[in-house]
Amino acid sequence: MVRSGSFSVDSSATHQRTPSRTVTLGHIQPQAPTYRTVYCNDRESNQPVRFKGNSISTTKYNVFTFLPKGLFEQFRRIANIYFLGISCLSMTPISPVSPITNVAPLSMVLLVSLIKEAFEDWKRFQNDMSINNSTVEILQDQQWVSIPWRKLQVGDIVKIKKDGFFPADILFMSSTNSDGICYVETANLDGETNLKIRKALERTWDYLVPEKAYEFKGEIQCEQPNNSLYTFTGNLVVQKQTLPLSPDQLLLRGCSLRNTEYIVGAVVFTGHETKVMMNAMNAPSKRSTLEKKLDKLIITIFCVLVTMCLIGAIGCSIVTDREDKYLGLHNSDWEYRNGLMIGFFTFFTLVTLFSSIIPISLYVSIEMIKFIQSTQFINRDLNMYHAETNTPASARTSNLNEELGQVEYIFSDKTGTLTRNLMEFFKCSIGGVSYGCGVTEIEKGIAQRHGLKVQEEQRSTGAIREKGFNFDDPRLMRGAWRNEPNPDLCKELFRCLAICHTVLPEGDESPEKIVYQAASPDEAALVTAAKNFGFFFYRRTPTMVYVRESHVEKMGKIQDVAYEILNVLEFNSTRKRQSVVCRFPDGRLVLYCKGADNVIFERLANGMDDVRKVTREHLEHFGSSGLRTLCLAYKDLNPETYDSWNEKFIQAKSALRDREKKLDEVAELIEKDLILIGSTAIEDKLQEGVPTCIETLSRAGIKIWVLTGDKMETAINIAYACNLINNEMKQFVISSETDAIREAEERGDQVEIARVIKEEVKRELKKSLEEAQHSLHTVAGPKLSLVIDGKCLMYALDPSLRVMLLSLSLNCTSVVCCRVSPLQKAQVTSLVRKGAQKITLSIGDGANDVSMIQAAHVGIGISGMEGMQAVMASDFAIAQFRFLTDLLLVHGRWSYLRICKVVMYFFYKNLTFTLTQFWFTFRTGFSGQRFYDDWFQSLFNVVFTALPVIVLGLFEKDVSASLSKRYPELYREGIRNSFFKWRVVAVWATSAVYQSLVCYLFVTTSSFGAVNSSGKVFGLWDVSTMVFTCLVIAVNVRILLMSNSITRWHYITVGGSILAWLVFAFVYCGIMTPHDRNENVYFVIYVLMSTFYFYFTLLLVPIVSLLGDFIFQGVERWFFPYDYQIVQEIHRHESDASKADQLEVENELTPQEARSYAISQLPRELSKHTGFAFDSPGYESFFASQLGIYAPQKAWDVARRASMRSRPKVPKK
């Protein structure tokens, strides 16, 4: 049913039934919000609408589409299309080579890829069957009947038991809990393991037993299926009564029921229309910069191929015209007088002959190398293993390994990324009086920078210290607040902390044993503070909050008070505040509000200027101490005003369109004329090793930007504490807290405020840019840093100022953006990525960092305290910020070096091989006669030179891991792209030309007139086999010359490849076929090996061909060394004991930590219980495959993760 023009639902319209519009998986249709009508417990009424079934399919193929669709996927690669065209050409009469030469390698590559696709899809199919055949109880004829998930339909009444998974998106109707609530774990959706509370409408509480549930005939008018996990708008119509629905009543597929015996609900969305399946869209596809440059190299090679073919075509036309009498071509039926036709056909003949210049095995080899790098090196590096949380590093994609070695800009969140996200209530301000005596880590760092010695803290007698509470001030403890100048405000602050939140208490209702389940550590810290101040929040129902208050009426008296929660105005990134309207037992109505200081100050009542001024000073002091601040306010409401407002609130809450916007507008009507209570200050300490890590990364040439939602003072001091900013730097500060902007805000004209801020931002940007450019042109000028707040950033990102902002930022070593929204984080990242064309990396730990992580070239997720959304959206996951040192300076740099060398080696060996064919065409009048046997040409890439390059890509190390971190400046070579420049390509191309000339000319010239042991002159196949043997030896030994770190695997693969060629030659040349009678390949190797000339050539030619490379490397090392070569020389005489290990981490862990790590790496069956690795003991990740490699998030991955169910612990009776 679609109605686009109204916000409310007319109950008379609920009997109309029109087909519901649906949305296919992964494609959210851009359409105006509409709604659907679902008839509960009435399949016949729902049947005409034809809602989607609950069966899901996450496979990519079926029996009929596998081959065509699989081949289509493979031929999306331009290289495969190229080889397909070459294979087709080789089947025509103009081809000088057998089709097997090109068809066999292409078929091998395609077969391996298709087998991989088939295996992965088969696993998905098996998983789909397991999920679709899971059972759920539905209501049929007044009793619960068990059916498979796939048979579930929209409108069915279902019963979900404790620890069971929701099979569809369900409207929560009733619960075994007397207060109509249930507890839900959403780990499969967002990784958060803290329980969420869901509330059924009181009108549906009675529909719990099958007899009562059978009587339920409600109608659900709700939004169309969409991918928003955290929103839901709709109405429930029961007996002509319309009740608004919210996300509190929706139980999403994939979540599990906890701490509740069972619940009853009505199915709203099924199958691919559930919210989690609608979210199952592919993550942004990322390709490394080096891979994009590889495409350009391939195009260049193709141009070289075309050039060679054009030379051959032109040469053939000329030679044929001059030599046609001798060749007798004028008597032929073919019209060879037409030079254009001769050139045309010769061109395509030579294309098939020279096709091997583009390596078919390049992409397969690189994928294999990257895969092993990820699974065996990054995932198993104990230097990046966090023993405290049993969390190893994990590469969720292997596509971007080498990108880690070229990062120039890092964009970092602060909370939970640079800091621990372990919040502790530290200080507060009440009624203009500051409380709290502690010294923060930031203050200690400031003192040390000024040469002051900080004494150890002397805590007061009886000071309380527990998780979330590190407050020391006897004036507020144990009822002493009653003697303060503002005891009433103290009482209001404590009540605000105890009431205005969404925290869920668990466990015994005693202060020592209770556990608070909070959406964020801040919330938990504030409620814990209220408890220690004597206002103990111990129980919650959908409509009540219970607080045990001490010392309120008189000293020492304890009383339990029940506060009725009438309305909750929820926090979001736009409002930046949260409010509750509550009724005291005596009937008093109060609005409590907490939020960002600038938001609260804008809504204060008149006459509070003095308190506001003092509180602002306290906030600035708290911020300069590195504390996170929050302001609190309240307002008494009279019943008439509240009733009038509540009607508007209910209307907004019942709206089906723009509900969030309408609720925000209604909230503005009551969140004004507030009385300021004070502020709180929470300490979030730096993570271990952050300052050292940042200093190391800065030495590596990486510029670090901090993007945070904290106030400017807090952000600046955190930046100081972690060595991002120091006193030697010149700071540019662009803030909205200027006199001109404040005056404009006081006048209240929004248009004028916008104009003034934009002008101020433009003026500051211009002024700062001029100073920055002048400073950069000054000899030994100071390093620069920029600090800008979110309000100014909004205008600085305007197209008219964006270029100026970018220019200033790129001149700065460090940038701090404070008070920024998630959108602004992504905008800043995109600005540098696209505007500066620099390699960017974003790192964060929360849902608000996802857009920033996806906007960067490389996204890093911190598996921290804020769920796993950041990890889910990331390319790599680590547990601590300090692990970036190893990830970038060791693995990133090595991967970049290795992939560069692999690509260059492939380019070199294929060009060398093809050029020998090209030189041979000059001897054959450009006729297209092939130089090598078809099988020689087919197996050159895939067998005889395949393994050594893979070993190079896995084990190449210029310096050890410890030296990589000791000399972070080495990383700059990756930033400069030193190993993949066109100059490097030219050097390798020159080497290929030289070696091909040596191998071809030496053998062909020296064999002229030479005879074998039978007295016969060497023929074509004798010479070509000799050249081929020299090539195989030379290009394989070249691997040893270019390797900085040679292992036994290098010798095994190089020797094995040469041996493989000789064994193949012995077997192949010993087989007589009808084809061989014409080609004369039969017995060639045996004839050659019977001559001294063969052994002399094999010894001399490879040495001469490699001599040029040897001399060049020596000259380069002595006169034009790379940075890593200088480091090698410095440490050349040191012990090589540490070089045996890939990573020097063998003795880093205690036996217990090593055991935990080993357990975390064991292959295991994928869990069906929860969704993410290491989020709590006994839980494992649906993302973690048994090999430990993480693919980019695909539709089927999300579907599989969110649709799992737990195995029953005991057999069902």
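Including glycine, each Cβ sits where the backbone N, Cα and C put it.
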Segment assigned the feature transmembrane segment in Swiss-Prot (from 68-89, 486-507, 552-573, 662-683): 68-89
Arg983 / Gly1114 share membrane side in Swiss-Prot: yes
Interface present between the transmembrane segment (901-920) and the transmembrane segment (68-89) (three or more C-beta pairs under 8 A): no
Cβ neighbours of Asp413 (active site, 4-aspartylphosphate intermediate) where a neighbour is any other Cβ within 10 Å: 29
Two-stretch contact, the transmembrane segment (901-920) and the transmembrane segment (985-1006), at least three Cβ pairs under 8 Å: yes
Rounded to the nearest Å - Cα separation of Asp849 (Mg(2+) binding site) and Asp413 (active site, 4-aspartylphosphate intermediate): 7
C-beta crowding around Asp845 (Mg(2+) binding site), within 10 angstroms: 30
Recorded stretch, among 298-319, 347-364, 1043-1063, maximising Cβ pairs under 8 Å relative to the transmembrane segment (935-954): 1043-1063
Range from 347-364, 985-1006, 1014-1036 with the greatest count of C-beta pairs under 8 A to the transmembrane segment (94-116): 347-364
Distal contacts, the transmembrane segment (1043-1063) - CB-CB under 8 A, six or more residues away: 943-948, 950-952, 954-959, 1028-1029, 1032-1033, 1036-1037, 1085, 1124, 1128, 1139
Contacting positions for the topological domain 'Cytoplasmic' (1037-1042) when only residues 6+ beyond its ends and CB under 8 Å are counted: 901, 905, 908-909, 948-949, 951-952, 1050, 1054, 1102, 1106, 1109-1110, 1113
Long-range neighbours of the topological domain 'Extracellular' (921-934), counting only residues six or more past its ends (CB under 8 A): 94, 96-98, 100-101, 312-313, 315-316, 319-320, 323, 346, 349-350, 353, 1004, 1020-1021, 1024-1025, 1027-1028, 1079, 1081
Between Asp845 (Mg(2+) binding site) and Asp413 (active site, 4-aspartylphosphate intermediate): CA-CA distance (Å): 8
Counts of helix, strand and coil residues, the topological domain 'Cytoplasmic' (955-984), according to DSSP: 18 helix, 0 strand, 12 coil
